[in-house]
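Asker: Take this structure first; my questions come after.
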Amino acid sequence: MTDRFQLVSPYSPAGDQPAAIDKLVANFEAGLAKQTLLGVTGSGKTYTIANVVQQVQKPTLVMAPNKTLAAQLYGEFKSFFPHNAVEYFVSYYDYYQPEAYVPSSDTFIEKDSSINEHIEQMRLSATKTLLSRRDSLVVATVSAIYGLGAPEDYLSLRLILSIGEHIDQRQLIRHLTDLQYTRNEFELTRGAFRVRGEVLDVFPAESDTEALRIELFDGDIEQLTLFDPLTGETLRKLQRYTVYPKTHYATTRERTLSAVDTIKEELKERLEQLYSQNKLVEAQRLAQRTQFDLEMMAEVGFCNGIENYSRHLTGKAPGEPPPTLFDYLPPDALLVIDESHVTIPQIGAMYKGDRSRKETLVEFGFRLPSALDNRPLRFEEWEARSPRSIYVSATPGPYELRESAGEVTELVVRPTGLIDPVVEIRPVGTQVDDLMSEIHERIKLGDRVLVTTLTKRMAENLTEYLGEHGIRVRYLHSDIDTVERVEIIRDLRLGKFDVLVGINLLREGLDMPEVSLVAILDADKEGFLRSTGSLIQTIGRAARNLRGKAILYADKMTRSMQAAIDESDRRREKQVEYNLEHGITPESVERPISDIMEGAREDAAEKKSGKGRSKSRQVAEETPDYRAMKPAEIAGKLKSLEQKMYQHAKDLEFEAAAQIRDQIQKLKTASLA
């Protein structure tokens, strides 16, 4: 383990990268609060940021606009920093239906959710890493601005164990129970412990492949060992170990009982208000629901929907922002906002949507007013908590440019020598027939084509029309979930089909070097989908191919089109000059087609397993392709496989158990995106 970032890469910075890295680092070390990295597609933005992290040596949080891009970034940073703590923090819900009330139909919708236990483990690992290591880099989504347990409580509850320390076994068991660990003598699963004489085995909640064995002798800790919970194989011996709570929302018994008292006071005040307004049904409903929750909290320390009482549990004042992942960041950390033109507006939108739903619940007696404080951060609260930041985008928005106050670092020259796609304008009247002839030309070359339309109806009709004319085409629409979207893009790259039609789903996203043509239909219809930024982003999808071309079908030149074409021409000229000066011949990007998380998860498993795990453990045979499975199917399959794995381990059939573990690892990988 090291406390310094160690960048591992087979190549050195080139093109605009050295100057960009130097400028970003100099600005950061000079204390500049905000700066922008304007990087075109294929210019090596992630590699540039990795070099900045290596030089500034600060804990880093990277925010991405969605799980797909977060997964890709996680894999890339994991390969750049294999010896450091690279973590993944996204929403752990495979499915989430928040509780809501529809007054017009008098319909109450109960909260319903499905939690991905593997992502929950990665979230716990991320917060533990931020609190315990300086060489931590966390890739997160907007989930980072939602409420977590307070870091003070999280730290105060932790159990620190050292060789030679005197500790009573009953006290140790009680402390583990306070951390919400469960005792299970039959099966050692994540978040559980077992007792065998003076030996305690604990499977830490944030660990995926390692468990802790605590050996006591006459009340002293004689030995601390990390071992494989499946085979019992010893991985390494330790002098010291810290066990963190099983959940971010763990709190002390005293704090819970204190919260029960303050909730009772709030309930009394709220009932008086409702009775004074003659809202008898609402008052009765609120009293009944809250009393039930209070009884559960007093008896077992937990209740369904306990997050709605988070203000009382954290001791915050009304209106105060909840603790979030940003509270776990040290003050000198670095924040990187990837695709900032999308991520920044997302952050501002989260609070408003959440507030509207909860106000209805409070008004009609389903929740106490304090439930309004279980919320994401407001935009201004997020700004106040953000450390020194770098906004990264090919098309920075007005907010980023304003906040950076002119400190914009350009990353326009690509080390590969690739030039921005040629942009052509063609008339709308013949756009479909012209597009078909272009598609046939690209198919002959073995390339792929992206087509973006303005409406869902047009996308459906175009997909049907192209299909009728023998073209292998798919339509990427908003109803497709993240995992399936990744699968479709992968199939496009593999050549299972040649043309992908979409509306607003092809702008920011995964790298597709096989795409040599981007067609933008009705490019002269001004609006969000045809703004300057959207056009530049869409054109950029063809920027990784030597034959890259973008066709804008339009009957008139709009300001957005002109600005996008001018910017594209400027970038082309700069790249051509660089190529001539350095004698570079452009080449298409060669990027292996694989699962976006595959390499990262393998690296993580190897790192967490330690050197004690022999190579012969990787004995899994070919397993089914799980990537297209729905979250509910994945959860069910995981439970079934885990039961089989533990049964094999009980029967001492460790090789069979290891095979199933490898299947489980592939299944978890498929669920991450």
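Every residue, even glycine, has its Cβ placed from backbone N, Cα and C.
Below are the features I grabbed from Swiss-Prot:
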type    : residues                                               : note
DOMAIN  : 26-183                                                 : domain 'Helicase ATP-binding'
BINDING : Gly39, Val40, Thr41, Gly42, Ser43, Gly44, Lys45, Thr46 : ATP binding site
MOTIF   : 92-115                                                 : motif 'Beta-hairpin'
DOMAIN  : 431-597                                                : domain 'Helicase C-terminal'
REGION  : 601-631                                                : region 'Disordered'
DOMAIN  : 635-670                                                : domain 'UVR'
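Just tell me what is around each of these and how deep it sits.
Answerer: For the recorded site, Val40 (ATP binding site), the DSSP three-state label reads coil.
Across the domain 'UVR' (635-670), mean pLDDT in this model comes to 75.
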Asker: What is the one among the binding-site residues Thr41, Ser43, Thr46 whose Cβ has the most other Cβ atoms less than or equal to 10 Å away?
Answerer: Ser43
Asker: Would you mind checking how many other C-beta atoms are within 10 angstroms of the C-beta on Lys45 (ATP binding site)?
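Answerer: Counting Cβ neighbours of Lys45 (ATP binding site) within 10 Å gives 22.
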Asker: Report the DSSP secondary-structure composition of the motif 'Beta-hairpin' (92-115) as helix, strand and coil residue counts.
Answerer: 3 helix, 15 strand, 6 coil
